[in-house]
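What Swiss-Prot records for this protein:
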type	residues	note
BINDING	300, 302, 365	Fe cation binding site
COMPBIAS	1-11	compositional bias 'Basic and acidic residues'
COMPBIAS	61-70	compositional bias 'Low complexity'
COMPBIAS	73-87	compositional bias 'Basic and acidic residues'
DOMAIN	254-399	domain 'JmjC'
REGION	1-149	region 'Disordered'
């Protein structure tokens, strides 16, 4: 508040910090609208600078946490737009013009790389097409997304739950078609004409409730952003994000990005915890709330596969293909780009509530709000650093280490005179010694494949994935049949129902298919698991049990038997005592469930 003089500070000394901000910055956007006076250009940025105590711009973009943003500056960014009948065109100098109500306008060059899927045609009542078998989106029960998740919970196999949830996500496009034509290749646009499709997943009411009841802090959980006149700024103050401050930022034209909503919303947590099993890679999310007629982010591309779910209002999107082959499927997100660096959009569309837009990593995108509606969307992201190259980064050093230990040829010395004929300065020289040297390197590289511990490297990648994972959300039945529903309690002055009575006849199975991973490590055999993970990304260290090698066959037996139950007596351990001990240990960690509730003695 350096802008306030001593007299002003004395006059406002008893006012709240928010009142001081308002006095320093002048009336807010809403008050100006009531007075009928225009909002001065750049007003919201001046106010935001006062809040964060900085005189200049927003500074470098803060890296968002991997779980929430496997989406760093993801999913918005725009120049202004002007919507006309039959097309959406860009007007870089003025605010967005109003689009015709209810009109979903798409601009696309066509061709095989961009597909727009309209709403599912209504099938005749009673026909097989009316309710495809196994399609939870069309099964009876309603209840929006929470109802969908409950119905998925009736499926015994967690892999089927994940597959059916993904089918619902991209419907009416078929998952097989999506994998063949779009995944890592091209955007997919689904215009459903169904504003209630995502009902119950997340809403502005949820956003407000989180601000009021959650421990939300600027920068850690919430970003306040703007993008105007080619300038992208972050306006985060220090400290807790209180509703009065946050909503005043919004009133003054700033976008709000809630990082990792799964840490606050049980429904989003449940949604992502199922979906991550489909991808076999961490599934993260951010939510974006944007005021009418504004945008919060500059054009850019990301290092994740992005699924944009339009929850409320509408938003104008432009998506551009990678500019060069090196930008296709990038390892890292780009810096903010300028409008001058962009070509013609591959896809231009207004998303309305219930619509879906998918685009692969490396596809540049930007989005702005039309003046007649706010926008709330959630971006679900996955496949960050999950490429062949990322796998080889871990595999090849291990292969080389094994080759050095086991093969004399890798330990033999280099030729004494190789410095004289190798190197860039000698690259054009015609020399038989150079030819022999290159051939030797090629031979050793090819031979390295024989030492590559491919399965062990994949186990380590799976271990990393399990650390990234959200903990599973249990159905009511799973709770009753697991340690989480075990009736141990304090009663009549002492603990009751404490003993876990697992016998040789108890039938058990893994909680979910991907809940554990066996890894052979130098320290021993480790069983990594997800049931004790945090909803906050990497808040806890990886969870594992050190397993006696004689138990590995039993773990593999449980993995291969899923989703079927097996009796404890069938576990391939030498002694019955070992079978019961292992089953009890896994039950206590929430890894195993029983077919029937355990009987209390």
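Each Cβ is built from the backbone N, Cα and C atoms, and glycine gets one as well.
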Conformational class of residue 302 (Fe cation binding site) under the three-state DSSP mapping: coil
Taking the Cβ of residue 300 (Fe cation binding site) as the centre, count every other Cβ atom within 10 Å, in any protein chain shown. 21
Would you list the DSSP helix, strand and coil counts for the residues of the domain 'JmjC' (254-399)? 35 helix, 52 strand, 59 coil
At a 10 Å cut-off from the C-beta of residue 302 (Fe cation binding site), count the other C-beta atoms across all protein chains. 27
